[in-house]
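Participant: Sharing a structure with you now.
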Amino acid sequence: MNPLPEDVENALTGSQSSHASLREVHSINPTQLMARIESYEGREKKGISDVRRTFCLFVTFDLLFVTLLWIIELNVNGGIENTLEKEVVQYDYYSSYFDIFLLAVFRFKVLILAYAVCRLRHWWAIALTTAVTSAFLLAKVILSKLFSQGAFGYVLPIISFILAWIETWFLDFKVLPQEAEEENRLLIVQDASERAALIPGGLSDGQFYSPPESEAGSENEAEEKQDSEKPLLEL
């Protein structure tokens with residue numbers, strides 16, 4: 001049998017692949033696409049995303065944890081009432097921990113307002129809180145006398161600094177990229193549904209029917225059969 005020419009094989013392969021792609025396009029179910037769109041829109045209507053909610057919980061944990069450490073420090077240094085009056089009423093930048101607590105309150109208010117209430121999708125708010133926290137803590141560690149007041153002189157500044165940068169990392173590498181990916185998926189699904197709506201629904205596989213390929217050498221066999229029948233006809 002004579003093999004098919006290479007260009008013919010390429011043409012047949014291209015036609016088969018085009019038919020397969022057309023079948024895939026026409027096999028799109030608009031009902032399923034609309035269901036996926038409604039599921040994405042339902043996530044947006046129900047409130048903030050799961051990853052953003054986790055971020056807000058971590059911001060709340062930041063405030064509560066720093067508050068807990070500060071209350072422990074008040075108890076350790078002579079009772080809550082006496083130490084509270086000393087650190088709040090008689091506030092001294094060089095020896096008080098009250099400003100570190102206020103710094104945690106500042107982070108909590110700004111981040112919750114920006115990313116939970118206003119649902120901001122930009123990093124400027126977290127950049128502001130982290131920059132203010134880092135600058136204030138570095139200045140306080142350099143200028144104050146916290147290290148001479150026991151372990152809390154090390155613990156509170158270090159914990160506040162670490163929590164602020166963890167919040168920055170979590171928002172920049174988890175919250176914003178994941179929400180952008182979800183939005184891109186929604187746009188892709190909506191675009192696919194619009195394309196599927198433009199495609200007629202009555203198309204079937206019969207419209208893309210291609211006749212089967214003829215076997216190589218079939219013409220030669222037909223000629224040989226005709227040649228063998230000629231002597232019989234002459235007789």
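Glycine too: its Cβ is placed from the backbone N, Cα and C atoms.
Grabbed the feature section from TrEMBL, which reads as follows:
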- 223-235: compositional bias 'Basic and acidic residues' (COMPBIAS)
- 48-218: domain 'MENTAL' (DOMAIN)
- 1-21: region 'Disordered' (REGION)
- 200-235: region 'Disordered' (REGION)
- 55-76: transmembrane segment (TRANSMEM)
- 96-116: transmembrane segment (TRANSMEM)
- 123-143: transmembrane segment (TRANSMEM)
- 149-166: transmembrane segment (TRANSMEM)
Participant: Near the transmembrane segment (96-116), which residues from the same chain, at least 6 beyond its ends, have a CB less than 8 A from one of its CBs?
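Facilitator: Long-range Cβ neighbours of the transmembrane segment (96-116): 48, 52, 55-56, 59-60, 62-63, 66-67, 70, 73, 86-88, 125-126, 128-129, 132-133, 136-137, 140, 146, 152, 156-157, 160, 164, 167, 171, 175.
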Participant: Which residues of the same chain, at least 6 past either end of the transmembrane segment (149-166), have a Cβ under 8 Å from a Cβ in it?
Facilitator: 58, 62, 65-66, 69-70, 72-73, 76-77, 95, 97, 100, 103-104, 107, 129-130, 133-134, 137, 140-141
Participant: Can you check how the pLDDT averages out over the domain 'MENTAL' (48-218)?
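Facilitator: Value for the domain 'MENTAL' (48-218), mean pLDDT as a whole number: 86.
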